[in-house]
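All remarks here apply to the structure that follows.
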Amino acid sequence: MAKARTLYVCSSCGHESPRWMGKCPGCEEWNTLEEEVRERPSASEQAAAAKRAGYGAEGGSKPVRLSSVVTERGERVLSGVEELDRVLGGGFVRGGVVLLGGDPGIGKSTLSLQVAGILAEQGKEVLYVSGEESMGQLKMRGARLNVEVGQVQVVGETSLERVEALIEEHTPDLLVLDSIQTLATGRLTSSPGSVAQLREVTGALTQLAKGLQMPTILVGHVTKEGAIAGPKVLEHMVDTVLYFEGQAGLNFRILRAVKNRYGSTNEIGVFEMRGDGLHGVENPSAMFLAERPMGAPGSAVVPVVEGTRPLLVEVQALVSANNYGPPRITAIGVDQGRVMLLLNIIEKRAGLKVGGHDVFVNVAGGVKVVEPAADLGIALAIVSSFRNRALPQDAVYFGELGLTGEVRAVSQAVGRLVEAKKLGFMRALSPRGNAPGIETFVDAHADALGELRVETARTLGDALRSTRLVEAVDAE
């Protein structure tokens, strides 16, 4: 008889310990170790595991030369949702496993059902396994979507063994499992959603997907911190991890890849949630700028690049005197440490005494900006609010700020300018280091930028004078 042993596994990082501890040695989180009883496999089980082939490879566990591996034509399957295909890198990879996470009500199940309906309309076999909704509830959800979900094979099931049997019976072209936390295997005694169950279920489904070359969507819950519930090993086991992001009260959603073995992690998809489901946004820049106040101090339009897509976003800043204690710095949508860095550059290199003031910086619409190319726009928005002078409303600003106050060149400057021209902007303030590349592009494409006038700045002082926020810079 196989002997059992008891381990304590961290629900956050998957660290294993032979005894319980209040603090996980792996991730240093408190009260995350959960008891797990494991049975040592018998000799016959070990022998069966040794004979088991790898992830559907022709050679099983035998090594083969990579040059001899033949890939099938059409290795990707388009989902029919353009924004999703963009984030995936061109559609689902055959045998690829996608983990889709997000807050409750953000649209994970809606997107999954829309994709299932679109592929079913194309004549593909789609199996939708729901562990949270009944068949009637799924039909009600599908009735309000703009796709025909009647051809989707749906089943309410929480047993891994039963799901495996259904997959082998139907051999679907797409498997959707909503959600991975509800599925459990009878081989373990722990409850659904536990560390052991998540690891076992995800591993089994991943191996099955690879063997059958079946694209798979696993919908996952998130914790209160916004991470997918379960150990980090769960994200390591799958091929792609997508997060749905959104703000309360706003109808648009952003789909972002944090891991993608077959594509970029810099691409984003922008959706609008309507009564009939999620719709891709063709012009996200126009949507983000739709409610921009005209002539208001502290507002700057910044062209940022997400993957290969230029976007225009509005950066808002509010600088006010503090009379109630230590000054506060609050940043939403941008890194707070970056804002503190820019404040010190402004004070040291531009001679503006912003210290002692409360500073609030926000990227309107809930967008997150991580690239340093937004530095110049953020700094100008802060100075605009501090001086109570509005920036020109027909201009965009981009460039990275160095510690000496220089404006550094950034990548894809031409793409940012073309996006600004599309939305009718007449001026752009860019780094001087990007001028040669912009001039070369304009010489080759005379009408590409239309009437957009491009100005350059070598330092932050140049930018402040160009925008007439200051007449002279004391520090220069």
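Every residue, even glycine, has its Cβ placed from backbone N, Cα and C.
Annotations in TrEMBL come from automatic prediction, not curation.
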Among ranges 18-38, 39-59, 144-164, 249-269, whichever one TrEMBL labels region 'Disordered': 39-59
Binding-site residues listed as GLY102, PRO104, GLY107, least Cβ neighbours within 10 Å: PRO104
GLY102, ASP103, PRO104, GLY105, ILE106, GLY107, LYS108, SER109 excluded, remaining Cβ within 8 Å of their centroid (ATP): THR110, PHE244
GLY105 (ATP binding site) CB neighbourhood, other CB atoms within 10 A: 11
Mean predicted confidence [pLDDT] for the motif 'RadA KNRFG motif' (259-263): 91
